[in-house]
Amino acid sequence: MSIILIGFMGAGKSTVAKLLAEEFTDLDKLIEEEIEMPIATFFELFGEADFRKIENEVFELAVQKDIIIATGGGIIENPKNLNVLDRASRVVFLTADFDTLWKRISMDWQNVRPLAQDKEAAQLLFEKRMKDYSLVADLTIDVTDKSPEQIAELIREKWEIE
């Protein structure tokens, strides 16, 4: 059975997934393989609506495997994805206050985040998404003062993962 990590940009989903399993799936990487370009480029060329459609198709295939999945922060934007998450039995919501996440996003030069170019817009997006993250989560972890290793250990303990 899959463990699906959800949360806003900068929450540490990919980092924690790497600690939980050597073989994990970063949904953004699968999407980039499918579209054959960086997500930021796809957003620029085709827009968010087309991206969310492809994201859903790739996500529905990924959850059928027994793997750790680090999702993109906007996975909950598509109602179809909410249904998939609602049916999944191990969904972990990594959360923190907006200022903590914004600081992390601002310091991350490796990832281009099309929806995080403006702080005010990002904060509105954060506020909009928080409720949906909470609704589908089986486990919520506030990551503010925790290391990725501590977060991974909490998840392992919850589901007795080696």
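Cβ atoms here come from the backbone N, Cα and C positions, even for glycine.
The shown structure was predicted, so the numbers you read here are calculated from the model rather than taken from an experiment.
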Given Swiss-Prot lists Asp28, Arg52, Gly73 for substrate, the same-site residue among Arg104, Arg129: Arg129
Between Arg52 (substrate binding site) and Lys13 (ATP binding site): CA-CA distance (Å): 19
Shortest C-alpha distance to Ala11 (ATP binding site) - which of the binding-site residues Arg52, Gly73, Arg129: Gly73
Where Ala11 (ATP binding site) sits in the secondary structure, as DSSP reduces it to three classes: coil
Neighbour count (Cβ, 10 Å) for Thr15 (ATP binding site): 17
List of residues, in chain order, with Cβ under 8 A from that of Gly12 (ATP binding site) and at least 6 apart: Leu94, Arg104, Val143, Pro148, Ile151
DSSP-derived class (H/G/I helix, E/B strand, else coil) of Gly73 (substrate binding site): coil
